[in-house]
Amino acid sequence: MLTPTAEIVGPAAAAGRGVGAFNVIQLEHAQAVVAGAEAAGAPVVLQLSENAVRYHGALEPLARATLAIAHASSTPVAVHLDHATDAGLVREAVALGLGSVMYDASTMSYVDNVATTAAVVEHCHAHDVWVEAELGEVGGKDGVHAPGARTDPGQARSFVAATGVDALAVAVGTSHAMLTKDAALDLDLIARLRAEVPVPLVLHGSSGVPDDDLRRAVVAGMTKINIATQLNKAFTAAVRAHLADDPLVVDTRKYLGAGRDAVAAEVTRVLGVLT
Ligand code: G3H
Ligand code: ZN
């Protein structure tokens, strides 16, 4: 069932559990993530990134399809806008009925990040929409890996107080899109952030982080665990294998279906690690 993000992430943070937040690019991703979550008996977050919106040329078609899939699910499913840098897109997501947004002004100065994020929070809270923001840039978003970026716990506490955000994405050693194989999670920093920051913490760039490290990150205080590239890797490997096995196939359902099944299995596996 379609569920407000706050009702999935809040109880998980209180209980020290992780919540899987998986990116949706195509319809098949949304179907696969929900099937995987139903098999795991776990709630899940489906997230649509600004990049995915650019790929489709609009938010509405994918958002409406994803909301319908969430609505029909037997497990709690939240629908979230991911890495929005455009406040207009945030407003559109709110109007379409998404339960939460991530507004990402992490490349701005601290002062501008606070000011623009606070304005987004004001609009979203007026519509009961939960807001995640980012402080201390997690690398890899534009093909640039910033392995040294770290979020300062004292600044994170001030940022949350000044903006009123409901969750905070922090830089603790991961990088987007599996751009580094040497991602080393700073577990000590996660614990210090947890002690300082009164809202749930979000780990971005979680693809490729070894399962044991993901477990340790949750124990240390991370709640929402964002995974995208790892699902695309599973999807594409299954499509490739199907095409190699059956080079004469023309029905797209045959190989996209294989990709969808592979993603569902990977989601079930990851949710077993997180919860
Ligand atoms: O916001 C989405 C995530 O941070 C995904 O990162 O592709 O490295 O798993 P990833
Ligand atoms: Zn991210």
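Each residue, glycine too, has its Cβ placed from N, Cα and C.
Keep in mind that this is a model prediction, so the values were computed, not measured.
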Candidates His80, His83, His123, the one TrEMBL lists with His176, His204 as binding Zn(2+) 1: His83
Secondary structure of Asp104 (Zn(2+) 2 binding site) (DSSP, helix/strand/coil): coil
Listed binding-site residues with Cβ under 6 Å from ligand 2, out of Asp104, Glu134, His204: His204
Those residues of the chain, 6+ apart, with a Cβ under 8 Å from that of His204 (Zn(2+) 1 binding site): Glu134, Val138, Ala169, Thr174, His176, Asn226
Alpha-carbon spacing, His83 (Zn(2+) 1 binding site) to Asp104 (Zn(2+) 2 binding site), which is rounded to whole Å: 5
Inter-residue Cα distance where the pair is Asp82 (active site, proton donor) and Asp104 (Zn(2+) 2 binding site), in Å: 8
